[in-house]
Amino acid sequence: MEKFGVHNPATELATVGLGGAASVRYNFSAAALYEEAIRRGEAELTAQGALRALTGQHTGRSPRDKFVVRDANTDGQIWWDNNKPLSPEHFALLRDDMLAHAAGKDLFAQDLVGGAEEGHALPTRVITELAWHSLFIRNLLIRPEAAALPTFVPKLTIIDLPSFKADPARHGCRSETVIACDLTNGLVLIGGTSYAGEMKKSVFTVLNYLLPAKGVMPMHCSANVGPDGDAAVFFGLSGTGKTTLSADPARTLIGDDEHGWSENGIFNFEGGCYAKTIRLSAEAEPEIYATTQRFGTVLENVVLNERREPDFDDGSLTENTRCAYPMHFIPNASETGRAGHPKTIIMLTADAFGVMPPIARLTPDQAMYHFLSGYTAKVAGTEKGVVEPEATFSTCFGAPFMPRHPAEYGNLLKELISRHGVECWLVNTGWTGGAYGTGKRMPIKATRGLLAAALSGKLGQLQFRTDTNFGFAVPVSVDGVDGSILDPRSTWADKAAYDAQAEKLVSMFIANFAKFEDHVDGGVRDAAPGVKAAAE
C-alpha cells in the first residue's frame, strides 16, 4: 500500500482491516484535496474558488437506513423506539464486506476531533473513498495541530464508501444504503450514499451516546456569547431560525449546530459550519454568503450557471443545498469554540397555526416540557394552494441523532438549568394574525428586538401575563415592538377561530407528550398546556 501524508504509524489503516487498499492519503490539505477531487472527476471548481460536488440520488440524510448495533452494552441504554437495532453478527458481515470492497481502492483519511473541550473530546478518524468527502469532514470537525498528528490515536473510526451497496438479506438492513453505528467498539460504516452530512451526524450521534454518562449534556443547537461573556444557546428544528438568529454582529459565534454543556460551560462539537444555501443572498446573510465565494468551501448540490457561478435560487437538484466551511471563515467566530455556562436558553419554534406568542418565559419544568416536545410546524408548498399546517414534534429538537431515551437528556438539561439559574425563553418565528395562509410571518425585526431584550436581561424585568393556553409568561409590552403581536389572539379577526385553533394545537401537544409522562416528574407533567377560557 502506498502511503502519503503525516500520520501515526501505529494506527495505520491496516489496524482496522483496510490493509488491502491500493493507497491512502492521510490528512491532506484543502489544496491537495481540491487537486485530487478535480483530477478524479468528483467535483469542479467554481468561478470564485469554492469546490462544488453533487451527491446523486441521495441529497439528504437517510434516517430509515440508520442502525445501531444492539449488544450487551447498548441493549439497556438505547431508545429502541427511535433507533433501529442491528445484530453484532450482521454488523460483522457488513464490516467484512465493506473492507473487502475497499481492497485496491485509493482512500483518504483525516484525523480530527469532535468536541472543543479537551476532557470530553472524541478523536475521530474518517476514512473516505471520495477526496471531496475528506475535505468536507476536514472543514466540519476540529482540526488538531499538525504536531499532534504523528501521535494521534482515534477513539472513533468512520468508514464511508458510497460505491458499496449493502444487501438487506445478508446485512440485516433495509436497502442498499446503510449507516451502521457500533457504539461499543467506536466504528461507523456508511455505504450506498454520497450525502456528506451522514459523516457529520454520525459523530454527533456517537457524542450524544457517550457524553450523558459523563454528566455532559449534548445539544442540537447554535450558540453565541456577548462581550461580557454572557453565553446563549438556541435550540430549534430546521427552518426555525437557529443559524440566522445566532449570527449576531454584536456577539461572538461559538457554533451553529452541535454543542455540549459540561461542568465548565458550553463547547462546540465542531470546527466548521454546514449551512443551507437555498435562496442565500449577500443582503440577508452576508457572512454565510461570503464563505461561498472563496477557496476551501465545499458547495453540495448547488447548481452552477454557464460561468460556473453558484445559483442559490435554483433548487432543481434539491431544496437541501449546502455549503461546508471551517469556522474561521466567519469573521466573528470564537477561536476556542468554548464559553461559560449559558445565561440564556432560547427554544425556537415556527408555529404555523398562528397560536403562540412571539416570546414567552419558561420555568425549568416548562423548559423541559418544551425540550422533550420539540415542536415546530411545517407548511406545504404554495404551489399546491393553502393547506393545513402540519405539526412536527422532534424530541430534544433532534430526535434522529438521540440514541438514548429523551428523558435522559431532558432531566440533565433541567438539572443544569436549575443549577446555573439559566433564563429560558420560547421564541416563535412562525405566523401571526392567523394561521399559515391567512396570517403573516412574524416580522424578523420584532423577533430580533425581543431576542436582544431577552439576552440583555431587560425583558425579564417587565410586566408579564399568563398565557391562557400554554401557561407560560408573556410580556405585556416591550419597547420598540408592536404591542399587538405579543397577544396572538388579539391579532386574529375571528376570535372563535383562534380559540378553536389553540385548542387543536394544545391537544396535539398533550397527545404527543403521553409517551414521556412515565419518565418525568410531576412538575414537568404539570407544565403541560391546557385551554382555559379566554376573555374577549
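Any Cβ shown, glycine's included, is placed from N, Cα and C.
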Taking Swiss-Prot at its word that LYS201, GLY236, LEU237, SER238, GLY239, THR240, GLY241, LYS242, THR243, THR244, GLU285, ARG322, THR447 bind ATP, choose the one of HIS220, HIS341 listed for that site.
HIS220
Listed ATP-binding residues LYS201, HIS220, GLY236, LEU237, SER238, GLY239, THR240, GLY241, LYS242, THR243, THR244, GLU285, ARG322, THR447 - what's their greatest C-alpha to C-alpha distance in Å?
29
Nearest to THR240 (ATP binding site) in three-dimensional space, by Cα, is which of the binding-site residues ARG61, LYS201, ARG322?
ARG322
Spatial neighbours, same chain, of GLY236 (ATP binding site) - Cβ under 8 Å, 6+ residues apart:
CYS221, LYS242, ILE346, MET347, LEU348, THR349, THR376, PHE397
Give me the long-range Cβ neighbours of THR244 (ATP binding site): same chain, 6+ apart, Cβ under 8 Å, in sequence order.
GLU285, ILE444
Starting from the Cβ of THR240 (ATP binding site), draw a 10 Å sphere and report how many other Cβ atoms land inside it.
24
Over the residue list ARG61, TYR195, LYS201, ARG322, recorded for substrate, what is the maximum interresidue Cα distance in Å?
15
